[in-house]
Amino acid sequence: MVSSSLTKLVFFGCLLLLTFTDNLVAGKSGKVKLNLYYESLCPGCQEFIVDDLGKIFDYDLYTITDLKLFPFGNAELSDNLTVTCQHGEEECKLNALEACALRTWPDQKSQYSFIRCVESDTKGWESCVKNSGREKAINDCYNGDLSRKLILGYATKTKNLKPPHEYVPWVTLNGKPLDDSVQSTDDLVAQICNAYKGKTTLPKVCNSSASMSKSPERKWKLQVSYANKATNY
């Protein structure tokens, strides 16, 4: 028998389809679907967002990439749809705040700029809101019912991952999780360049992959947060 929690989750997922319309695989534009499933207080997520994800914009890869962020991570959902976050209540609040920000801006550059601001200093998130130019819209969403609906939508997306995520940050390219060969930002850049099938001219960085591989690179040593594991705060 399907649990009441799952039934309710499916209902909310259907209810929010218009809000979260997004194909996991490459669309007609040929853009690479880059999805990041994360939680706001996961150390590895913070490092990846601040230090690595920015290269998508530094290298103009956003022109061939459809970047989507899903701030739910390893949170748990009870039968009455209560959300319990891995790193405590503060993480739930920041996840909801970031969900509202993602809703507020239509373009991925503005979305990333705000998320990066928060993840760079999670205790100073209020200044990110005040300096965003969208303070009222974000606060109205965060303080109203919409933030909860958005989080439930992200819960649906995260829980329906196939294969299921094992930890966060969890990154997928065109619906498939990164394999073990991707161990640095350069590796991720190369994967994006190779996955692009559209007609837009490739960013210069895609034509310099050979020289990139010869230069020293920072191997990822991310402090990931595993699913179904308790975290001591």
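Glycine is treated like the rest: Cβ placed from N, Cα and C.
Quantities reported herein were computed from a predicted structural model and do not represent experimental measurements.
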Pick out which of Cys14, Cys45 Swiss-Prot lists as the disulfide partner of Cys42.
Cys45
Can you tell me how many other Cβ atoms are located within 10 Å of the Cβ belonging to Cys42 (disulfide bond)?
26
By a 10 A CB contact count over all chains shown, which of the glycosylation sites listed here is most packed: Asn80, Asn207?
Asn207
Near Cys45 (disulfide bond), which residues of its own chain have a C-beta under 8 A away, given they sit six or more steps off in sequence?
Tyr38, Glu39, Gly73, Glu119, Val168, Pro169, Ser225
Could you say whether, by DSSP, Cys42 (disulfide bond) belongs to a helix, a strand or a coil region?
coil
Fill in the CA-CA distance, Asn207 (N-linked glycosylation site) to Asn80 (N-linked glycosylation site), as an integer in Å.
51
